[in-house]
Every structure is written in C-alpha cells, then in structure tokens.
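Engineer: Features from Swiss-Prot:
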- Asn27: N-linked glycosylation site (CARBOHYD)
- 33-414: domain 'Alpha-carbonic anhydrase' (DOMAIN)
- His132, His134, His157: Zn(2+) binding site (BINDING)
- 201-297: region 'Disordered' (REGION)
- 207-219: compositional bias 'Basic and acidic residues' (COMPBIAS)
- 220-289: compositional bias 'Low complexity' (COMPBIAS)
- 225-290: region '22 X 3 AA approximate tandem repeats of G-X-N' (REGION)
Amino acid sequence: ASMFKHDHYMDNGVRYPNGDGICKQLNETKCDAGFSYDRSICEGPRYWQTISKCFIACGIGQRQSPINIVSYDAKFRQRLPKLKFKPHMEKLKTEVTNHQNRAPEFEPEDGENLYVKLNNLVDGHYKFHNLHVHNGRTRRKGSEHSVNGRFTPMEAHLVFHHDEQTHFEPTRTKLGGAFPGHNDFVVVGVFLEVGDDGFGDEPDDEECKHILKGHHPDNNENGNGDNGNNGYNGDNGNNGDNGNNGYNGDNGNNGVNGNNGYNGDNGNNGDNGNNGENGNNGENGNNGENGHKHGCRVKKAKHLSRILECAYRNDKVREFKKVGEEEGLDVHLTPEMALPPLKYRHYYTYEGSLTTPPCTESVLWVVQKCHVQVSRRVLHALRKVEGYKDGTTLRKYGTRRPTQKNKVTVYKSFK
C-alpha cells in the first residue's frame with residue numbers, strides 16, 4: 001500500500017549494483033519516485049532506500065513489513081477485538097486502474113463511509129482506502145507475509161487510513177509499547193489460495209459487465225445469518241452453520257465442510273488432529289490447529305473471485321498506462337468479500353510498515369490466520385496485467401516485497 005501515484009522507474013533509466021553489490025544513494029527527495037520488484041537492479045527491493053531520501057526507512061527501519069510470522073512465538077492477547085466494519089456489509093463503488101508495475105488498487109469513491117472497527121486496539125477511526133492483491137514471480141509464492149515459512153499464491157490487503165476529522169478515541173490495548181505514537185494505517189492481510197472447483201465457468205464479457213456492477217447470479221455467499229436456507233459459505237450463508245445442504249456448513253449433511261469437513265468444526269481430526277498444527281495441508285489443512293474453537297475453514301470467495309477475474313481481464317486494467325493516462329474501471333464490491341466468515345476471523349497483529357516505498361513505519365497489521373480461496377483464473381489474470389511499456393506483465397517480477405528480518409513482537413487473538 002502507498003499513498004502515492006509513483007512514476008515508472010524505467011522513465012529515469014535503470015541502475016545496477018557495482019561489483020561489490022552496492023548501489024549509490026541518489027540525491028532524489030521525491031516520495032513518488034519509481035521503484036521496481038526486479039531484484040537484480042538498484043531500483044529493486046533490496047535497494048529501495050537508495051532511490052530517494054524519502055525511502056530511507058526501507059533500509060534502516062526497525063519495524064519493516066512483511067515478515068515471517070512464527071505462530072508459536074506470537075503472544076496471545078485475550079481482549080483483542082473481532083474484526084468488523086461500520087456500516088456492516090456495505091457495497092462500495094470503487095475505481096480500479098492499471099498501476100504500472102505495481103498491484104492494481106480498488107479505490108472507493110466514497111471511502112469515508114466505511115470504517116474498520118477494532119475497538120480496544122486502535123485510536124480513532126480508520127476509513128477504507130483501497131483493496132489490492134499481491135502476486136509473486138512464481139505461482140506458489142505470491143503472498144508478502146508467511147506463517148511458519150509457508151506462503152500462498154496471493155495476499156489481499158485491505159488498507160484503512162486514519163481519519164483525522166473524527167474524534168472518537170476508544171481505550172487502546174497496548175501491544176508491548178515498543179513504538180510510540182499512533183499508526184496512520186490499519187492494513188488487513190488475507191492469505192489467498194487458488195482452486196478450480198466451485199467457481200463456475202469463465203465469465204464472458206457480457207457477464208463481466210453485470211458482475212462489475214455488483215449483480216451476481218448467486219447472492220447466498222453473504223446471506224442472512226447462521227440458520228437460513230442453503231448458504232454458500234457457512235457463517236454468512238442463508239443456511240450457514242446448520243444448513244441441511246450448506247456448502248460450508250459446520251453440520252451440513254451434504255456440505256463439503258460438513259461432518260467430515262475439510263476444516264469444519266466437526267472435521268475428523270478436530271482439536272487433536274494426528275498432525276497437530278501442521279496437518280496434511282498446513283494450518284488450514286485436514287488436521288487443522290484447533291478444529292473447533294480456533295480452527296479454520298477455507299472460504300470459497302465466489303463473488304470476490306469473479307470480480308477480480310473480470311477486473312484484471314478488462315483492458316482498462318490489463319493494458320499498461322502511464323501515470324496521468326490511466327482509465328478507471330468502476331467496480332462494485334464489499335470489502336468483507338475478501339475476509340473469512342466472522343467467527344473465523346482469528347488474526348495475528350503487529351506494528352509494521354507499508355510494504356512499498358516509502359515504507360512508512362506507521363501501520364498496524366491485522367493478518368488473518370484463516371485463508372480464503374479464489375479461482376485459479378484470478379491468479380492467471382493478475383499475472384497477465386501489463387506493468388511495462390513493452391507489454392511485460394506482472395508475471396515476470398511479481399509485486400511482493402521479500403520478508404524482512406525485523407525482530408518485532410507479534411500478538412494473536414487466539415490460543
């Protein structure tokens with residue numbers, strides 16, 4: 001996330017490290033200077049601090065992000081709040097554009113109307129700033145954060161910026177007191193997996209027009225509570241937890257995650273799974289960490305998946321555009337589409353930085369423990385977005401910053 005519309009780094013030429021692997025510090029002071037994810041050049045992640053004096057934190061900061069989260073080292077805090085939004089489930093009209101060699105951002109036209117609710121954790125109100133998704137040079141390693149050294153193909157970031165116009169200041173839960181002052185940003189990180197089943201056929205152009213306007217043929221993904229009829233995604237579906245045919249229902253007779261569910265509350269291996277935390281498929285696998293109370297269930301984010309797929313395929317986003325020449329694509333979405341169901345929003349939290357220059361160290365990270373799945377087509381479409389004048393796509397260098405070696409304290413909302 002960044003507050004700037006950066007230039008393209010190739011506009012000013014490309015520099016290479018000398019024989020000793022050192023890049024000369026430039027006298028530039030611009031905070032919107034261009035940067036790259038190409039690790040072989042001086043504009044790449046290892047040398048971002050040499051591009052501009054505004055980027056100095058990228059090299060000497062003490063709380064740089066992203067990090068590798070070691071789950072058993074994270075400290076449990078009992079009073080950490082649940083992650084909610086105000087107003088709940090509001091659909092926003094956003095605009096997404098080609099961001100050159102960076103992750104395309106979905107920016108709300110009226111973001112001040114949506115706030116993240118983390119009472120007892122943050123001071124003041126934080127309004128929605130953008131949603132974007134990071135990818136890697138390889139299909140398997142695209143998330144910026146990792147947990148116990150494990151990455152996912154993508155990572156979604158929901159960025160919230162402190163609203164100085166409001167004066168609501170709840171009591172703050174102290175996270176160790178290592179860093180003074182308040183944070184300018186709250187960024188919610190969500191690990192995105194990819195799959196093939198349950199996402200339907202590839203939408204055509206006509207269907208994409210309706211999808212991007214917020215019209216979905218299946219409106220049960222975030223339906224009417226735990227006990228409705230035929231909920232698509234358990235908690236938020238119409239038939240949710242006790243649905244007879246709930247897709248992810250905890251006790252759904254025919255649910256994919258029902259009695260013998262992949263990560264269901266009554267999954268075969270629950271609390272004491274044979275393989276503990278790192279079951280057959282890792283923290284969110286068949287033998288998940290805690291089965292019921294603090295376990296995970298991978299949500300199939302069908303609506304988000306189709307929105308992202310259609311947006312990344314659209315010429316306004318896919319084709320390379322210089323700053324000032326980009327065309328915005330209107331997209332209707334709900335930020336909660338990118339999150340696990342409410343009862344599975346267990347998270348890690350720490351005080352870190354933006355993961356793009358200027359690497360500002362004023363971010364409270366809220367990294368979701370439970371993963372969300374989107375169609376494999378989303379990953380393919382994102383990797384085909386053009387980031388360079390010659391048509392080179394985001395597939396070549398990705399849009400992820402390598403994990404940083406800071407010693408920051410990580411807390412968690414679950415045992």
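First residue shown is number 1, and so on along the chain.
Every residue gets a Cβ built from N, Cα and C, even glycine.
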Engineer: Quick check for the class: what is the C-alpha distance, in angstrom and rounded, between His134 (Zn(2+) binding site) and Asn27 (N-linked glycosylation site)?
Structural biologist: 30
Engineer: Go through His132, His134, the listed binding-site residues, and name the one with the sparsest Cβ surroundings, counting other Cβ atoms within 10 Å.
Structural biologist: His132
Engineer: Taking only the Cα atoms, work out how far His157 (Zn(2+) binding site) lies from the residue listed as 'N-linked glycosylation site', in Å, as a whole number.
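Structural biologist: His157 (Zn(2+) binding site) to the residue listed as 'N-linked glycosylation site', Cα-Cα distance: 32 Å.
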Engineer: Taking the Cβ of His157 (Zn(2+) binding site) as the centre, how many other Cβ atoms fall within a 10 Å radius?
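Structural biologist: Neighbour count, Cβ to Cβ under the 10 Å cut-off: 24.
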Engineer: Can you count the other CB atoms that lie within 10 A of the CB of the residue listed as 'N-linked glycosylation site'?
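Structural biologist: The answer is 7 other Cβ atoms.
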